[in-house]
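Annotated in TrEMBL:
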{"type": "BINDING", "residues": "G42, K43, G44, G45, V46, G47, K48, S49", "note": "ATP binding site"}
{"type": "BINDING", "residues": "C217, C220", "note": "[4Fe-4S] cluster binding site"}
Amino acid sequence: MTNDRSLTKLIDKTVQKTQIMPTLDDWSEMDKIKHKILVLSGKGGVGKSTVSTQLALYLAHIGKKVGFLDVDLCGPSAPKMFGLESKEVHKSSAGWIPVYVDPETRNLGVISIQFLLGDKDTPVIWRGPKKNSMIKQFLQDVCWGELDYLIIDTPPGTSDEHISVTEELLKYNPDGAILVTTPQGVSISDVRKEISFCQKLGLPIIGIVENMSGYTCPHCSECTNIFSSEGGRLLAEQCSLPFLGKMPIDPLLTVCSEQGKNYFTEYPNSSTLVALKEVATSLEKQTKEQKL
Ligand SMILES: Nc1ncnc2c1ncn2[C@@H]1O[C@H](COP(=O)(O)OP(=O)(O)OP(=O)(O)O)[C@@H](O)[C@H]1O
Ligand code: SF4
């Protein structure tokens, strides 16, 4: 006969099992995605969303199939950066259909809570459990189709959303996390916290990107180090992590992000594009090596 205690244990085990084992439906959608990448930063405003959106645009630009999931529920910025602010997401019987940056090629699909809100000024005032269930739905109910990369942009820090998205993603064999930092000490010390967050949850770290590393003059393309430089590279060396590259401060990039324009088609010969190519190449190399 089963007593109360063993029954509770049995239920706990079943719950754990159903939480860990994805259903066949979950596998079929997430299994079509080759590389699943989380983008994290310890501090706000270091350019995490800029780096992740530009990386997604660049990967799509070189012919990859890319999905972009914005799990910043309280401050979604991806729709604006992709020029999709007024769009709405549609639901089919199979799940949500991403909003495509170019509806013809459909090579870059985006999902953000902003597409569900209608009014972009509506604030999301949700407690942890509601946010967690939204994130879970984002990871299970979107019809991405076959993808080379799914890039997941997160809010800054290590909050409830990060734990939920990481735990959920770990069910689907992710490649790991890219950590974005600026070269200065304060941001670097926050990245150390992100490193230990990843280590505690068992999420591999793909590498570190140093953003706002020097200033590219929009007139002469001269790059000047206005802050200390190389902090991200040094941190990567100290922690034995791959350094994926650095992106300069480029005022033209700010303008493109603000106006939702594609930087590469606007400035195809810029030094920032060279920097971004380096980051994308390192990312491709690291994710290939990790999956071997
Ligand atoms: N390399 C860069 N060159 C020029 N401007 C940049 C660069 N990186 C980021 N920015 C600008 O800095 C501001 C903050 O960037 P972004 O929103 O990407 O940061 P974030 O780390 O995602 O912030 P949060 O997580 O707090 O929302 C934006 O106005 C963006 O255009
Ligand atoms: S960086 Fe130097 S060369 Fe370029 S516009 Fe400014 S002052 Fe002129």
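The backbone N, Cα and C atoms fix where each Cβ goes, and this holds for glycine too.
For ligand 2, the neighbouring binding-site residues among G45, V46, S49, C217, C220 are C217, C220, by Cβ distance under 6 Å. Taking a C-beta cut-off of under 8 angstroms and a sequence separation of 6 or more, G45 (ATP binding site) has the following same-chain neighbours: P156.
In the structure shown, across all protein chains, V46 is the one of the binding-site residues V46, C217, C220 with the greatest number of other Cβ atoms within 10 Å.
The Cβ of S49 (ATP binding site) has 26 neighbouring Cβ atoms from other residues within 10 Å, across all protein chains displayed. Annotated pair K43 (ATP binding site) and C220 ([4Fe-4S] cluster binding site), C-alpha to C-alpha distance, rounded: 31 Å. Just so you know, the Cβ of K43 (ATP binding site) picks up 20 other Cβ atoms within 10 Å once every protein chain is counted. Listed in chain order, the extra residues whose Cβ falls within 8 Å of the Cβ center of the ATP site residues G42, K43, G44, G45, V46, G47, K48, S49 are S41, P156, V180, T182, S187, N211.
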